[in-house]
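Some notes on the structure that comes next.
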C-alpha cells in the first residue's frame, strides 16, 4: 500500500475546529498546468481576515468542512484539496478582495459541467463568514477541456450548412411572445423570413401552452420555412424551443423537429439545466441540428456586482456543455452589458485562444484546444439605427436579432425584415470599404434610406428611441 501523506489537517488527529487558513491558504503554491483556476470576488464579514475567507472558499468547495474529521487521515489532502494561492484587494472597493483558488483536476468528473459547478459554486456561496461571493472567472485547463464535446457544430459548420458568408446573420423573435395561435405564429415567421431574415425565433417562455401546443407550432413553422426558402432561394430557419418539463419530453421534441427537416432548435440552458443541455447538444450533433441557446434566468445569477456568477463563466460553461448560438447582450440595446466586458466574453465564446486581459475582465488565459466556437446573439431592444454599432462591435460572426425592431415596422413584418436586411448589408459594405462605422454609421443608414423606402420608414419610427441607463456590472 502507498503510505498516506500527512497534512496539517490529518497529522495526529485531534477533534475540534481549526482555522481554514492553516491548511487551505498556500501563497507559495505553484499552479499546475492541469489545475482548474477560479477567481472569486469576496466580501468578508467584519472582522474576518481575507486569508481566512479565501481559505474557507477553497476548503468548502473542495475537501474541507467546518471541523476536523478523523477520515482526513485516510486520504491525501495535499493531493486533493483546493488551495487559495493569492489574494488581492479590489481597487476602489472597501473590504472586497479577489481570491485565486486552484483545484486539482481529479476533483471533477470528466465531461460534466454539472459536477464542476456543484463543487465550485455550491454550498460555499451561503457561507456565513462571507457577506458576499462572486465567481468572476474560471481557467479550464486543456486536459479538462478535452473531456468535453463542446458545441454540436460551431460557427464555421453553421455557415457551411446555411451557405451564408461575409456578413452577420439576422434574426427576429416572434411577438407577442405568448397568446398567438400556431397558424398565426407560423404566418408571422413566414413574413419575416421572406422579407430577408435568416432566422426567426421562439421566445424563451414559449414551450407548449394551451393556446399553442408545441407540435402545432413546429408544424406551421416548418411550413413557413419551406415556403420562404422556395420564394427566396435562401436557407432559412426558426429556433424551435424544445425546452420541456422533462429531458425525455425535450428529446421527443427534438426528434420531431428533425423529422420535419428544420435546421435548428433551441434550449433555455439555465432553466433547463446543464445535464439536459448536454444531452440535447449530443442529440443535435448526432442528427445534424444546430442548437440555439437562450440564457433566461442569467441576470438572477450574474447581474449583481458582488455576489453570484459572472456571465463570462456561464458562457464558458455553455461552450463546454454545448450550443451553437448563445445570447450575449447587445451593449446598445435594452439589456445590461458594458462594451469591454461584453467583448471579453464574446471572444471567450468564439476564439480558440484568449489571453488574460484584466481590462476586459478576463482573469486567466484560456486555451480551448480547437473546440468549436459559439456564435454570440445580440438581442433586446435594438432597431435599425443600432445596426452600425452592432456591426462594428460584433463583426460578422454574430446573429443580430430584432424582435420589436422587425415586427414593429409600420408597414408590417416583411417590410420590417427588409429594412433590417438593407441596413445590415449597407453597414457591412461600408465597413468593408474602410469607413468608420462608429463615426459615419448614421450617414451610412441615411444614405441607404434613399433607395429603400422600408428602411426609411423604420428610421422615422425609431429615430428618437434610446435606452440609456448606467450599467450595474462594471469593471
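Each residue's number is its place along the chain shown, starting with 1.
Cβ atoms here come from the backbone N, Cα and C positions, even for glycine.
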Swiss-Prot annotation, substrate site containing 123, 173, 177, 327, 379 - matching residue among 213, 215, 295, 303: 295
Where residue 379 (substrate binding site) falls in three-state DSSP terms: strand
Cβ within 8 Å of the mean position of the Cβ atoms of 201, 203, 204: remaining residues of the chain near Mg(2+): 173, 174, 177, 202, 205, 206, 239, 241, 266, 294
Rounded distance in angstrom between the Cα atoms of residue 295 (substrate binding site) and residue 175 (active site, proton acceptor): 18
Rounded inter-Cα distance in Å - residue 294 (active site, proton acceptor), residue 123 (substrate binding site): 26
Which binding-site residues sit within 10 Å of residue 175 (active site, proton acceptor) - Cα, from 123, 204, 327, 379: none
Residue 177 (substrate binding site) and residue 203 (Mg(2+) binding site), Cα-Cα, nearest whole angstrom: 6
